[in-house]
Amino acid sequence: MYTQIMTMYPLLISILHILFIISICQLCRYVSNVLVKHSLARIAIEEFICAVQLCATNFELGVITQIYGFSAYALGLFFCSFTYTFTFQDGTCDPSECYEKFCKREMSAREAVLRATFSIMGAAVSYRFAKIFWSFGLMATHMDFYKNESCDASLQVPVLIGLGFETFETIVNRLLQNMRHYNMLISAISDVCITFFGLFVSGGYFNPTLSFAMEYGCQGLSGPSFFLVYWFGPILGSSISLKIAKPLLRIIEGSDEAKVEVVDAKAHSD
């Protein structure tokens, strides 16, 4: 029994950290909603909070992966992705999504730039935020992460191949988001699947905000390579999805409508 408890202890601490992050971010949202009246200011604050929550929880998922492996990482990512869908409010936490909404005239240029800027700012401080909990030293791995200031790049292939992966992942993500039956469960499952598709190639981020927190400045990845793969890739993917989403989804979802019409026709004939 003692051995089992000690085996699960790090997982319980990591879960506690993730819940701590979510709770602090939710508290900040509540305070912002009560005190901040200016719409653009609230948008900026929400993007900042979303970025901190997204990136800080992913840092803790790295702890879980190191101790329990990638199966535990998948479960943790599913849980975190599920929480993002009902805590992010109107936040995008993704500059490439802001770009896409601007192109679709769903967002002004001013708002898109504001959201992207504060999202990146949130990503920039998220590591320091995660280190606050790690500094408590509740387990040895937390202390290792707290003391370690360096990281190795996730990109395991040539830059152009990494660019292709990040672009393709973004296209798939956008297509799913535009489907009629898209919901929180599909969002969480697709996040896990798309991430694992590129996890051992480029890291599977398909989000400039998250990749900025996790990859920028890591050993083995130059600045130009980072921006080409992890920023231009998602923006290119968003641009392509703008062109192909409607006709492709019309074919995919239109087939369901055709089946319904066939069933109705058979019912009437009977």
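Cβ atoms here come from the backbone N, Cα and C positions, even for glycine.
Of the candidate ranges 31-51, 220-240, Swiss-Prot annotates residues 220-240 with the feature transmembrane segment. Counting Cβ pairs closer than 8 Å to the transmembrane segment (120-140), the top stretch among 5-25, 59-79, 153-173, 184-204 is 5-25. Ranked by the number of CB pairs under 8 Å to the transmembrane segment (153-173), the listed stretches 5-25, 184-204, 220-240 are led by 220-240. With a cut-off of 8 Å between Cβ atoms, the residues of this chain six or more beyond the transmembrane segment (5-25) that come close are 49-50, 52-53, 56-57, 60, 63-64, 67-68, 72, 76, 79-80, 83, 87, 129-130, 133, 138-139, 141-142. Around the Cβ of ASN148 (N-linked glycosylation site), 9 further Cβ atoms fall within 10 Å across all displayed protein chains.
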